[in-house]
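Q: I have a structure I would like to understand better, so I am pasting it below and will then ask my questions one at a time.
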Amino acid sequence: MAGEGQRAEPEREGWALYVTPRAPLREGRPRLAPQNGGSGDVPAYGTPTPSRHGRREVRFSEEPPEVYGDFEPRAAKEKARVGRQIPLEGFRPDSAKEEVRESAYYLRSRQRRQPRLHEAEEMQTRRAALLQQQPHSPPPPLRPSPVTTRRGLRDSHSSEEDEPPSQTVLSQTVTKKAIRRTQETPVMSEDPLISLRRPPLRSSRSEAASVQQKVNFLEEGETEENDQDSFDSDVTVKVRSGDSVESGDQTTRSSSQYKESFWQSSQSGDFTAFDEQPLKLSSGYQKTPQEWAEKTVRIRTRMLTSSPGMRSIYGSFSDDDSVQKSELGNQSPSTSNQQMTGQPKSVSSVKTKRYWPFAVIAALLIGGFLYTRPPEAETTAVQEFQNQMKQLMNKYQGQDEKLWKRSQTFLEKHLNGSQSRPQPAILLLTAARDAEEALRCLSEQIADAYSSFRSVPAIRIDGASKATRDSDTVKEEVDQELSNGFRNGQNAAVVHRFESLPAGSTLIFYKYCDHESAAFKDVALVLTVLLEEETLGTSLGLKEIEEKVRDFLQVKFTNSDTPNSYKHMDPDKLSGLWSRISHLVLPVQPENDLKKGICL
């Protein structure tokens, strides 16, 4: 590549003036020299080989021609229809023509080209020769094109893979512990038009490698360091991360003791350098190596504060922070690094992180106070009911444990309902003849315990006193007593000798004991049934006792011998009534210490 001459462009005549020029053919790679030492038949680099004549050159489109290196606008072509046209290739320097050919090759062939070591050395040698031939006249700035931009991005990725991690540009070897000051390479200023180039193509590297960053460094207040440097200029630093910039005897190398992970994180800046520009400032003033060393230290510090990888460490810093530049202008790398690491975060973020735990705690306390605090009235009612039941347990010690446990749990659950109660609590107590007084006392005291919080006695209805009366009249009386009592604040009622009521009158309990449409749902009804047996065995289970009570009521309400019972009650109605009053059936045992007519 170093010794390749420039090809002469053929002149266009006749109809060729009106035809869009075809893109240059892809130049083949140089063949490897034979192993036996003979190299007479090895073609020069760039010579098309006959072995690849069958490959078809695929062009994406005939328009626009700018894609294939022809940057002449369409309007200029239409005006200059007559006359000899001079190709634009002639006005480009040799290095630009070479790049156009290579870029057209890369555009048609998407496969990444892996540069070799000897090719990189030849390119560096040719660039050094061009710089020596033109020391005082810099070449005109090239118009950036999509092709050259893609090539710059691709070469930056290739050079990152080829070069060892110990080599870097602009001394990116900065850690949190220390900054080693090394020799720095002067970085040239670029044409502002370069910043307007098209974004790079999608690459297989990480997203951080596709983001290009510009670091603007404004020279100001440097009269105390350099008496000659009295001008202000903006230096745009664009360095391709991973490429080595060689100028004279100045090189940039990193220490081998830094870790590989930090090297990869420093690559994410993806700075871009253009090798075609001489190492000069835009103002034409060239500094000594010592001045460049001091200048690059400040540039390096600015890049660290504005790079995406380090921005999360130092907080949020803007690239045009004048206070930051004035403080870092006269400091050494180590001093500036210590100052940067000690920089606090923004005031708003600190205040937010300081006060948000208190806000969360306050919200939790308020929510717990409003939603998790149980109602004080219901808690007190349950506690009062439990105290009353404990007293009854101490008085009536002859009762079975199942009576206390099941009745207390059943009524306490209904009393402690935090939501609206779906149905009333129905408790049915039964006993034999020997426990008639205990049945009466316990039923009344349990109902009073349920309503003890309201300090009102339970409603009492005696069915034995209404046995011989008309069923319709008894039905109206029972309905009136229950409805008036519940409306006046009483929430419990006890009905003694339920089996003695006229059969027709018991249908009123459909209204008060229904599962879904009960007239009062936040009340408790205690019903008692006195069996005809003399003694109720203690060995009977709850299921057997429930069946015994059901059979007894069926005989009592449907027997034709019973007055006023047959025409008002049938088995279907009795089954519906039984399903509503048999929520919980519990037996009551006799008490020896209980006297007739006096409860304990």
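Think of each number as a place in line: the chain as shown, counted from 1.
Using the three backbone atoms N, Cα and C, a Cβ is placed for every residue, glycine included.
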Q: Given the candidates Asn330, Asn416, specify the residue that Swiss-Prot annotates with N-linked glycosylation site.
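A: Candidates were Asn330, Asn416; Swiss-Prot attaches N-linked glycosylation site to Asn416.
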Q: Mean pLDDT over the coiled coil (376-452): what is the value?
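A: Residues in the coiled coil (376-452) carry a mean pLDDT of 87 in this prediction.
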Q: Including all protein chains shown, what's the count of other C-beta atoms within 10 A of the C-beta of Asn416 (N-linked glycosylation site)?
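A: Taking every protein chain into account, the count is 14.
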Q: Going by DSSP, give the three-state secondary structure for Asn416 (N-linked glycosylation site).
A: coil
